[in-house]
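This is the structure I want to talk about, given as C-alpha coordinates.
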Amino acid sequence: WEFNGSFYQPSAFLMMGIPGLEALHPWISIPFCALYLSALLGNCVILFIIRRTPSLHEPMYYFLCMLALTDLGLALCTLPTTLGLFWFGVRRIGFDACLTQMYFIHILSFIESSVLLAMAFDRFMAISHPLRHPAILTRSTMLKIGLAIVLRGMLSLLPIPFLLKRLTYCGRTELSHSFCFHPDIMNLACADIKVNVFYGMVILLSTVGTDFIFIVLSYVLIIRTVVSLTTREECLKALNTCVSHICAVLVFFIPMIGLSMIHRFGKNVPPLVNALVAYTYLIIPPALNPVIYSIKSTHIREALLRALCRKRG
(Lines of atoms letter the chains of each structure in order from A; the text may use other names.)
(Lines give C-alpha, C1' and ligand atoms only; values in the text may rest on other atoms or scores of the structure.)
Protein backbone atom coordinates (compact mmCIF):
# COMPACT_ATOMS: atom_id res chain seq x y z
CA TRP A 1 0.00 0.00 0.00
CA GLU A 2 1.29 3.46 -0.88
CA PHE A 3 -0.17 6.74 0.28
CA ASN A 4 0.58 10.23 -1.02
CA GLY A 5 -0.68 12.07 2.05
CA SER A 6 -4.35 12.08 0.98
CA PHE A 7 -7.07 11.10 3.40
CA TYR A 8 -7.78 7.36 3.45
CA GLN A 9 -10.35 5.44 5.48
CA PRO A 10 -10.82 1.67 5.09
CA SER A 11 -14.27 0.34 4.27
CA ALA A 12 -13.80 -2.47 6.80
CA PHE A 13 -11.46 -4.03 9.36
CA LEU A 14 -10.43 -7.67 9.71
CA MET A 15 -10.89 -9.19 13.15
CA MET A 16 -8.50 -11.67 14.74
CA GLY A 17 -9.45 -14.68 16.86
CA ILE A 18 -6.82 -16.38 19.00
CA PRO A 19 -3.41 -16.05 17.26
CA GLY A 20 -1.76 -19.35 16.40
CA LEU A 21 -4.89 -21.37 17.19
CA GLU A 22 -6.99 -20.54 14.14
CA ALA A 23 -7.40 -24.23 13.24
CA LEU A 24 -8.90 -24.89 16.66
CA HIS A 25 -11.47 -22.07 16.57
CA PRO A 26 -14.49 -24.46 16.26
CA TRP A 27 -13.34 -26.28 19.41
CA ILE A 28 -12.42 -23.08 21.21
CA SER A 29 -15.93 -21.80 20.54
CA ILE A 30 -17.34 -24.43 22.95
CA PRO A 31 -16.07 -22.78 26.18
CA PHE A 32 -16.95 -19.38 24.73
CA CYS A 33 -20.52 -20.56 24.10
CA ALA A 34 -20.66 -21.82 27.69
CA LEU A 35 -19.47 -18.46 29.02
CA TYR A 36 -21.92 -16.48 26.88
CA LEU A 37 -24.76 -18.80 27.88
CA SER A 38 -23.81 -18.36 31.54
CA ALA A 39 -23.72 -14.58 31.10
CA LEU A 40 -27.07 -14.33 29.33
CA LEU A 41 -28.96 -16.89 31.40
CA GLY A 42 -27.37 -15.96 34.74
CA ASN A 43 -28.01 -12.22 34.48
CA CYS A 44 -31.57 -12.76 33.24
CA VAL A 45 -32.22 -15.03 36.24
CA ILE A 46 -30.81 -12.38 38.61
CA LEU A 47 -33.13 -9.74 37.10
CA PHE A 48 -36.13 -12.09 37.22
CA ILE A 49 -35.53 -13.15 40.84
CA ILE A 50 -35.08 -9.59 42.11
CA ARG A 51 -38.14 -8.35 40.22
CA ARG A 52 -40.37 -11.17 41.53
CA THR A 53 -39.16 -11.09 45.16
CA PRO A 54 -40.43 -8.07 47.19
CA SER A 55 -37.94 -8.75 50.01
CA LEU A 56 -35.10 -8.05 47.57
CA HIS A 57 -36.38 -4.58 46.67
CA GLU A 58 -33.50 -2.92 48.51
CA PRO A 59 -30.65 -0.62 47.35
CA MET A 60 -28.09 -3.44 47.27
CA TYR A 61 -30.21 -5.51 44.89
CA TYR A 62 -31.28 -2.56 42.75
CA PHE A 63 -27.61 -1.86 42.12
CA LEU A 64 -27.15 -5.56 41.37
CA CYS A 65 -29.89 -5.19 38.72
CA MET A 66 -27.89 -2.34 37.15
CA LEU A 67 -24.80 -4.56 37.15
CA ALA A 68 -26.74 -7.44 35.56
CA LEU A 69 -28.13 -5.18 32.81
CA THR A 70 -24.63 -3.86 32.09
CA ASP A 71 -23.20 -7.38 31.93
CA LEU A 72 -25.98 -8.42 29.54
CA GLY A 73 -25.10 -5.47 27.31
CA LEU A 74 -21.39 -6.35 27.33
CA ALA A 75 -22.08 -9.97 26.44
CA LEU A 76 -24.45 -9.02 23.61
CA CYS A 77 -21.94 -6.48 22.21
CA THR A 78 -19.18 -9.03 21.62
CA LEU A 79 -21.20 -12.24 21.07
CA PRO A 80 -22.08 -11.75 17.34
CA THR A 81 -18.56 -10.96 16.15
CA THR A 82 -16.78 -13.46 18.42
CA LEU A 83 -18.98 -16.46 17.65
CA GLY A 84 -19.31 -15.38 14.02
CA LEU A 85 -15.53 -15.57 13.70
CA PHE A 86 -15.14 -18.85 15.61
CA TRP A 87 -18.05 -20.64 13.92
CA PHE A 88 -18.13 -19.25 10.39
CA GLY A 89 -14.76 -17.52 9.96
CA VAL A 90 -16.42 -14.11 9.47
CA ARG A 91 -13.54 -11.69 10.00
CA ARG A 92 -14.78 -8.60 8.18
CA ILE A 93 -16.54 -5.79 10.03
CA GLY A 94 -17.50 -2.47 8.44
CA PHE A 95 -15.69 0.68 9.56
CA ASP A 96 -18.78 2.39 11.00
CA ALA A 97 -20.05 -0.85 12.54
CA CYS A 98 -16.67 -1.29 14.22
CA LEU A 99 -16.79 2.23 15.68
CA THR A 100 -20.34 1.62 16.92
CA GLN A 101 -19.38 -1.64 18.61
CA MET A 102 -16.29 0.00 20.14
CA TYR A 103 -18.37 2.90 21.48
CA PHE A 104 -20.88 0.62 23.23
CA ILE A 105 -18.20 -1.71 24.61
CA HIS A 106 -16.38 1.23 26.21
CA ILE A 107 -19.62 2.84 27.45
CA LEU A 108 -20.73 -0.39 29.13
CA SER A 109 -17.28 -0.91 30.65
CA PHE A 110 -17.36 2.59 32.13
CA ILE A 111 -20.92 2.04 33.36
CA GLU A 112 -19.89 -1.21 35.05
CA SER A 113 -17.03 0.59 36.79
CA SER A 114 -19.43 3.28 38.04
CA VAL A 115 -22.02 0.71 39.19
CA LEU A 116 -19.33 -1.09 41.19
CA LEU A 117 -18.48 2.25 42.83
CA ALA A 118 -22.18 2.84 43.65
CA MET A 119 -22.34 -0.65 45.17
CA ALA A 120 -19.26 0.13 47.29
CA PHE A 121 -20.96 3.31 48.53
CA ASP A 122 -24.08 1.27 49.35
CA ARG A 123 -22.02 -1.21 51.40
CA PHE A 124 -20.26 1.67 53.20
CA MET A 125 -23.56 3.30 54.13
CA ALA A 126 -25.14 -0.01 55.20
CA ILE A 127 -22.23 -0.89 57.49
CA SER A 128 -21.04 2.49 58.74
CA HIS A 129 -24.40 4.35 58.89
CA PRO A 130 -27.13 1.68 59.00
CA LEU A 131 -29.79 4.03 60.40
CA ARG A 132 -29.29 6.67 57.69
CA HIS A 133 -28.92 4.12 54.87
CA PRO A 134 -32.64 3.77 53.90
CA ALA A 135 -33.21 7.53 54.07
CA ILE A 136 -30.25 8.35 51.81
CA LEU A 137 -30.55 5.61 49.19
CA THR A 138 -34.21 5.98 48.27
CA ARG A 139 -35.63 4.75 44.96
CA SER A 140 -35.57 8.24 43.46
CA THR A 141 -31.96 8.70 44.55
CA MET A 142 -30.94 5.41 42.97
CA LEU A 143 -32.77 6.34 39.76
CA LYS A 144 -30.80 9.60 39.64
CA ILE A 145 -27.55 7.71 40.32
CA GLY A 146 -28.33 5.28 37.49
CA LEU A 147 -29.14 8.11 35.07
CA ALA A 148 -25.97 9.98 36.03
CA ILE A 149 -23.88 6.83 35.48
CA VAL A 150 -25.29 6.30 31.97
CA LEU A 151 -24.93 9.96 30.96
CA ARG A 152 -21.39 10.07 32.31
CA GLY A 153 -20.35 7.11 30.15
CA MET A 154 -22.14 8.30 27.03
CA LEU A 155 -20.94 11.91 27.12
CA SER A 156 -17.34 11.23 28.15
CA LEU A 157 -16.86 8.75 25.28
CA LEU A 158 -18.86 10.62 22.64
CA PRO A 159 -15.78 12.28 21.02
CA ILE A 160 -13.92 8.96 20.60
CA PRO A 161 -15.61 7.79 17.32
CA PHE A 162 -15.18 11.26 15.80
CA LEU A 163 -11.51 11.35 16.79
CA LEU A 164 -11.02 8.01 15.03
CA LYS A 165 -12.95 9.07 11.90
CA ARG A 166 -10.71 12.09 11.36
CA LEU A 167 -7.58 9.90 11.10
CA THR A 168 -5.91 8.66 7.93
CA TYR A 169 -5.36 4.91 7.99
CA CYS A 170 -2.63 2.81 6.46
CA GLY A 171 -3.10 -0.39 4.49
CA ARG A 172 -3.16 -2.45 7.68
CA THR A 173 -6.72 -3.31 8.64
CA GLU A 174 -6.21 -6.29 10.95
CA LEU A 175 -7.44 -5.86 14.51
CA SER A 176 -6.00 -7.76 17.47
CA HIS A 177 -9.32 -9.18 18.71
CA SER A 178 -12.72 -10.41 17.56
CA PHE A 179 -14.20 -7.09 18.64
CA CYS A 180 -13.33 -3.41 18.22
CA PHE A 181 -11.27 -1.66 20.88
CA HIS A 182 -10.19 2.01 20.81
CA PRO A 183 -6.39 1.57 21.19
CA ASP A 184 -6.48 -1.26 18.65
CA ILE A 185 -8.17 0.86 15.96
CA MET A 186 -6.10 3.92 16.82
CA ASN A 187 -2.80 2.07 16.27
CA LEU A 188 -3.76 1.27 12.66
CA ALA A 189 -3.67 4.96 11.72
CA CYS A 190 -0.85 6.61 9.79
CA ALA A 191 -1.63 10.06 11.20
CA ASP A 192 -0.59 11.67 14.45
CA ILE A 193 -2.60 10.01 17.23
CA LYS A 194 -1.38 12.09 20.16
CA VAL A 195 -4.84 13.65 20.65
CA ASN A 196 -6.45 10.20 20.73
CA VAL A 197 -3.86 8.87 23.17
CA PHE A 198 -4.15 11.91 25.45
CA TYR A 199 -7.94 12.00 25.44
CA GLY A 200 -8.23 8.25 25.97
CA MET A 201 -5.81 8.35 28.91
CA VAL A 202 -7.49 11.37 30.52
CA ILE A 203 -10.97 9.82 30.25
CA LEU A 204 -9.77 6.45 31.53
CA LEU A 205 -8.03 7.97 34.56
CA SER A 206 -10.82 10.45 35.34
CA THR A 207 -13.56 7.81 35.20
CA VAL A 208 -12.42 4.23 35.79
CA GLY A 209 -9.29 5.31 37.64
CA THR A 210 -11.28 7.60 39.94
CA ASP A 211 -13.91 4.89 40.48
CA PHE A 212 -11.25 2.41 41.56
CA ILE A 213 -9.66 4.89 43.99
CA PHE A 214 -13.02 5.63 45.61
CA ILE A 215 -13.86 1.91 45.82
CA VAL A 216 -10.58 1.31 47.68
CA LEU A 217 -11.29 4.32 49.92
CA SER A 218 -14.79 2.96 50.66
CA TYR A 219 -13.33 -0.33 51.82
CA VAL A 220 -10.73 1.42 53.95
CA LEU A 221 -13.60 3.18 55.74
CA ILE A 222 -15.61 -0.06 55.91
CA ILE A 223 -12.69 -1.93 57.49
CA ARG A 224 -12.21 0.88 59.99
CA THR A 225 -15.89 0.59 60.96
CA VAL A 226 -15.78 -3.21 61.12
CA VAL A 227 -12.71 -3.21 63.36
CA SER A 228 -14.60 -1.05 65.87
CA LEU A 229 -17.41 -3.63 66.21
CA THR A 230 -17.58 -5.30 69.58
CA THR A 231 -17.87 -8.99 68.72
CA ARG A 232 -16.14 -11.21 66.20
CA GLU A 233 -19.51 -12.48 64.92
CA GLU A 234 -20.66 -8.94 64.05
CA CYS A 235 -17.37 -8.27 62.32
CA LEU A 236 -17.61 -11.42 60.16
CA LYS A 237 -21.27 -10.78 59.37
CA ALA A 238 -20.50 -7.25 58.17
CA LEU A 239 -17.57 -8.39 56.03
CA ASN A 240 -19.56 -11.28 54.57
CA THR A 241 -21.96 -8.81 52.93
CA CYS A 242 -19.00 -7.37 51.00
CA VAL A 243 -17.43 -10.60 49.71
CA SER A 244 -19.51 -10.78 46.51
CA HIS A 245 -18.81 -7.16 45.66
CA ILE A 246 -15.07 -7.52 46.31
CA CYS A 247 -14.97 -10.54 43.95
CA ALA A 248 -16.87 -8.59 41.26
CA VAL A 249 -14.44 -5.65 41.62
CA LEU A 250 -11.38 -7.90 41.27
CA VAL A 251 -12.85 -9.85 38.33
CA PHE A 252 -13.54 -6.59 36.47
CA PHE A 253 -10.62 -4.31 37.31
CA ILE A 254 -7.65 -6.72 37.15
CA PRO A 255 -8.16 -7.73 33.46
CA MET A 256 -9.14 -4.16 32.52
CA ILE A 257 -5.95 -2.69 33.99
CA GLY A 258 -3.92 -5.48 32.38
CA LEU A 259 -5.42 -4.89 28.93
CA SER A 260 -4.93 -1.12 29.16
CA MET A 261 -1.28 -1.59 30.10
CA ILE A 262 -0.72 -4.08 27.26
CA HIS A 263 -2.22 -1.75 24.64
CA ARG A 264 -0.20 1.24 25.81
CA PHE A 265 3.12 -0.22 26.93
CA GLY A 266 3.22 -3.90 25.96
CA LYS A 267 4.53 -3.76 22.40
CA ASN A 268 6.59 -6.94 22.98
CA VAL A 269 3.78 -8.89 24.66
CA PRO A 270 2.89 -12.05 22.66
CA PRO A 271 -0.38 -11.69 20.70
CA LEU A 272 -1.76 -14.79 22.45
CA VAL A 273 -1.41 -13.13 25.87
CA ASN A 274 -3.04 -9.95 24.55
CA ALA A 275 -6.00 -11.95 23.19
CA LEU A 276 -6.50 -13.97 26.39
CA VAL A 277 -6.45 -10.85 28.60
CA ALA A 278 -8.96 -9.13 26.29
CA TYR A 279 -11.38 -12.06 26.37
CA THR A 280 -10.98 -12.35 30.13
CA TYR A 281 -11.84 -8.67 30.49
CA LEU A 282 -14.99 -8.70 28.36
CA ILE A 283 -16.43 -12.21 28.81
CA ILE A 284 -15.45 -13.48 32.26
CA PRO A 285 -17.09 -10.73 34.44
CA PRO A 286 -20.56 -11.03 32.79
CA ALA A 287 -20.37 -14.82 33.13
CA LEU A 288 -19.04 -14.95 36.70
CA ASN A 289 -20.93 -12.12 38.41
CA PRO A 290 -24.29 -13.97 38.50
CA VAL A 291 -22.53 -17.09 39.83
CA ILE A 292 -20.69 -15.08 42.51
CA TYR A 293 -23.84 -13.36 43.75
CA SER A 294 -25.94 -16.53 43.57
CA ILE A 295 -23.42 -18.44 45.68
CA LYS A 296 -22.61 -15.73 48.23
CA SER A 297 -26.01 -14.06 48.62
CA THR A 298 -28.27 -16.17 50.84
CA HIS A 299 -31.33 -14.09 49.91
CA ILE A 300 -30.87 -14.59 46.16
CA ARG A 301 -30.13 -18.28 46.62
CA GLU A 302 -33.25 -18.80 48.74
CA ALA A 303 -35.42 -16.81 46.30
CA LEU A 304 -34.06 -18.89 43.40
CA LEU A 305 -34.81 -22.14 45.23
CA ARG A 306 -38.35 -20.96 46.03
CA ALA A 307 -38.92 -20.09 42.34
CA LEU A 308 -37.66 -23.52 41.27
CA CYS A 309 -39.85 -25.28 43.85
CA ARG A 310 -42.94 -23.35 42.65
CA LYS A 311 -42.31 -24.40 39.06
CA ARG A 312 -41.86 -28.05 40.03
CA GLY A 313 -45.00 -27.91 42.12
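Heads up, the Cβ atoms here are built off N, Cα and C, so glycines get one too.
According to TrEMBL, the domain 'G-protein coupled receptors family 1 profile' annotation covers 42-293. The annotation transmembrane segment is assigned in TrEMBL to 24-49, 61-90, 102-121, 142-164, 197-222, 243-263, 275-295.
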Which residues, given as numbers and ranges, are at least 6 beyond the ends of the transmembrane segment (61-90) yet have a Cβ under 8 Å from it?
15, 17, 25-26, 28-29, 32-33, 36, 39-40, 43-44, 46-47, 50-51, 101, 104-105, 108-109, 111-112, 115-116, 118-119, 122, 139, 142, 146, 149, 178-179, 248, 282-283, 285-287, 289-290, 293, 299-300
In this predicted model, what is the average pLDDT of the domain 'G-protein coupled receptors family 1 profile' (42-293)?
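Across the domain 'G-protein coupled receptors family 1 profile' (42-293), the average pLDDT comes out at 91.
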Restricting to the same chain and to residues at least six past its boundaries, which positions have a Cβ under 8 Å from a Cβ of the transmembrane segment (197-222)?
109-110, 113-114, 116-117, 120-121, 123-124, 127-128, 152-153, 156-157, 159-160, 163, 182-183, 186, 238, 242, 246, 249, 253, 256, 260, 264
So which residues does the transmembrane segment (24-49) touch in its own chain, when a touch means Cβ under 8 Å and the partner is 6 or more beyond its ends?
17-18, 56, 64-65, 68-69, 71-72, 74-76, 79, 82-83, 85-87, 89, 279, 283-284, 286-291, 293-294, 300, 303-304, 307
